[in-house]
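Read the structure below first, then the notes.
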C-alpha cells in the first residue's frame with residue numbers, strides 16, 4: 001500500500017469529524033490487516049503525478065510500478081472540491097471550501113496554510129446540505145469544552161476560542177425532500193445545547209403532503225425529525241442554525257471592491273422545483289435576496305483528479321470501470337488495473353458504502369486471478385513487488401515510512417494528547433511526523 005503522507009487512514013483520519021470517535025473504530029480493522037505478513041505499507045511516497053497543470057511530480061509513476069506487480073488497485077479518492085462558479089468565491093477572505101476547513105481542523109498537512117478567522121462575524125453560511133455541511137455547522141456551534149475532549153487540533157481550538165459565530169445558515173438549492181444529510185447528523189444538530197433551530201414549517205408540510213406515500217422509510221424518518229425539531233426548538237437561545245431551501249448562490253460581495261477584502265454578504269437566487277418526485281430540478285424564478293455574513297463554506301461535493309498513465313473520465317470525475325476493472329477510452333478492459341472507492345463511483349456514501357464497494361473490487365481481482373485472466377504484464381514470471389521499488393526509492397535518497405514507523409508516530413500523538421486530556425494531538429506537518437522517527 002502506497003500512501004503519499006507518512007500516516008495512513010485517509011479520510012478516517014482527516015475527514016471524519018473529531019466528535020465522531022466511534023466512526024474511527026474502523027482503524028482497528030486496518031491495524032489487523034497491517035499485521036498480516038503479506039501486507040506492506042509504504043508511506044511518505046506519492047504515486048502518479050496529477051494531470052492538473054502545475055502538479056508536483058510524484059515519487060513514483062504508475063509506469064514504474066507496472067513491471068513489479070501483477071495488479072494495481074487505484075483508491076486515491078476525491079481530494080478536490082467542486083466550485084460554485086460565481087463571482088468572488090475565490091477572492092474574498094472568509095469564503096472557503098468546507099473540504100479545506102474539515103482538513104484544517106482535522107490536521108491535514110496540506111490545509112494548515114488555510115486562513116481561518118472566526119472573529120469577523122456572528123453569521124456563517126454553509127452552501128450545501130450534506131453530512132459535511134452539518135459537520136462544519138456543528139463544529140462552529142458546539143460547546144468548546146466538549147470539543148476540547150476530542151482530537152480536534154490545538155491550533156483549531158485556539159481559533160474557536162476567538163470565534164464570534166453564533167448563527168449558521170445551511171443553504172440548499174432544492175427542497176427538504178432532497179437534503180443529502182443523514183438522520184444521525186441531523187439529530188446531533190437538533191440536540192446542540194443553547195441553540196435554536198429555524199426552518200420553514202409550511203414548506204416542510206406542503207412538501208410532505210405532495211410526496212404522500214412515495215417517501216421511503218429513511219426519508220420519512222428524516223422528515224419526521226425535521227418536524228419534531230421545529231416543534232421542540234426553544235426560541236431565543238444565544239445561538240441558532242437554520243435550514244434554508246430553494247436558494248442558489250449568485251455571488252459574494254466584500255466590504256469593499258478590492259480583491260482580498262472581507263466577505264460581507266452572499267447574493268442568493270430564489271428557485272422553484274420542477275419535475276417528478278425523484279428527479280426534481282431547481283429552476284430560477286428571477287427573484288433574489290441578499291444575506292449578510294462574514295463566513296461562507298462551499299460544500300457542494302468533491303471531485304477526483306486524473307493521474308498520468310491512467311484513463312480518466314473528466315465529465316464524471318471518475319476512473320472509467322466495470323465492477324472495478326479499469327476501462328480505456330474505447331471501453332476495453334485494461335488488464336491488471338483496478339479502482340475502488342470514490343475514484344471508482346464518485347464521492348458519495350459513508351464508510352460502510354465504500355467498504356462494500358471495496359469488497360466488490362477485491363472479489364473482482366480474486367476472480368480474475370483465479371481464472372487466469374491477463375494481468376499487468378504479459379509474462380508470468382514472479383514479480384518482486386515492493387522489494388525492488390523500495391531499493392529504487394532509497395537509491396534516489398527518498399525516505400519511506402513503514403507501518404511500524406507509523407505506529408511510533410501514532411504513539412507520540414497519543415502521549416501528547418494525554419497531557420491535555422485528548423485522545424491524541426496530531427502532528428500538523430510532514431516534517432513533524434518524520435522527526436519522530438529520527
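Even glycines carry a Cβ here, placed using N, Cα and C.
Per TrEMBL, the features are:
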type: BINDING; residues: 3, 11, 47, 342, 349, 350, 351; note: FAD binding site
type: BINDING; residues: 129, 130, 131, 132, 173, 174, 185, 349; note: NADP(+) binding site
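Known features from TrEMBL, placed on the structure.
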residue: 3; record: FAD binding site; Cβ contacts under 8 Å, 6 or more apart: 10, 41, 42, 43, 44, 45
residue: 11; record: FAD binding site; Cβ contacts under 8 Å, 6 or more apart: 77
residue: 47; record: FAD binding site; Cβ contacts under 8 Å, 6 or more apart: 2, 4, 58, 59, 60, 61, 62, 65, 307
residue: 129; record: NADP(+) binding site; Cβ contacts under 8 Å, 6 or more apart: 170, 171, 172, 178, 179, 180, 181, 243
residue: 131; record: NADP(+) binding site; Cβ contacts under 8 Å, 6 or more apart: 180, 181, 182, 185, 350
residue: 132; record: NADP(+) binding site; Cβ contacts under 8 Å, 6 or more apart: 98, 99, 102, 299
residue: 173; record: NADP(+) binding site; Cβ contacts under 8 Å, 6 or more apart: 246, 247, 248, 271, 282
residue: 174; record: NADP(+) binding site; Cβ contacts under 8 Å, 6 or more apart: 245, 246, 271, 273, 280, 281, 282
residue: 342; record: FAD binding site; Cβ contacts under 8 Å, 6 or more apart: 77, 78, 302, 304, 348, 354
residue: 351; record: FAD binding site; Cβ contacts under 8 Å, 6 or more apart: 12, 16, 23, 26
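Across the structure, residue 349 (FAD binding site) and residue 130 (NADP(+) binding site) place their CA atoms 10 angstrom apart. Farthest C-alpha pair in the NADP(+)-binding residues 129, 130, 131, 132, 173, 174, 185, 349: 20 Å apart. According to DSSP, residue 185 (NADP(+) binding site) sits within a helical segment. Note on residue 350 (FAD binding site): other Cβ atoms within 10 Å of its Cβ, all shown chains, come to 12. With the fewest other C-beta atoms within 10 Å around its C-beta, 349 stands out among the binding-site residues 130, 349.
According to its DSSP assignment, residue 129 (NADP(+) binding site) is coil. Of all Cβ atoms in the shown protein chains, 19 besides its own fall within 10 Å of the Cβ of residue 185 (NADP(+) binding site). Following the DSSP three-state reduction, the secondary structure of residue 47 (FAD binding site) is strand.
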